[in-house]
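A.B. asks: Structure incoming, see below.
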Amino acid sequence: MKTLLLTLVVVTIVCLDLGYTRRCFNQQSSEPQTNKSCPPGENSCYNKQWRDHRGTITERGCGCPQVKSGIKLTCCQSDDCNN
């Protein structure tokens, strides 16, 4: 009986998603659209844009990084919100 109970507990833990992870787009300007699961505890997505000799560059990912002046940064807190 104890073995059956232990087996049920292990199966429940394996099958249930015990922690939620944020999903964010993570491609740069010219790359195909992709998204990824963020590390545990990372609850934000960002969209960062700046201009250089190539034109407007867009970078997307998990988190909300510090940026220098002249760089447009948008952070959000829902799945795939940084497109």
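Just so you know, glycine gets a Cβ as well, placed from its N, Cα and C.
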A.B. asks: Would you mind checking which of C15, C38 shares a disulfide with C62 in Swiss-Prot?
C.D. replies: C38
A.B. asks: Which of C24, C64 is the other half of the disulfide bond that Swiss-Prot records for C45?
C.D. replies: C24
A.B. asks: Looking at the disulfide-bonded residues listed here (C24, C76, C81), whose Cα lies nearest to that of C64 (disulfide bond)?
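C.D. replies: The smallest Cα gap between C64 (disulfide bond) and any of the disulfide-bonded residues is with C76.
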A.B. asks: Going by DSSP, is C24 (disulfide bond) part of a helix, a strand, or coil?
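C.D. replies: The three-state answer is strand.
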A.B. asks: What Cα-Cα separation, expressed in whole Å, is found between C45 (disulfide bond) and C62 (disulfide bond)?
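C.D. replies: Rounded to a whole number, the Cα-Cα distance is 4 Å.
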A.B. asks: Here the disulfide-bonded residues are C62, C76; which one has the lowest number of other Cβ atoms no more than 10 Å from its Cβ?
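C.D. replies: Comparing Cβ neighbour counts within 10 Å for the disulfide-bonded residues C62, C76 gives C76.
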A.B. asks: List the residues of the same chain that sit at least 6 positions away from C75 (disulfide bond) in sequence and have their Cβ under 8 Å from its Cβ, in sequence order, or write 'none'.
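C.D. replies: Counting only residues 6 or more apart in sequence, the Cβ neighbours of C75 (disulfide bond) under 8 Å are S44, C45, Y46, C64, N82.
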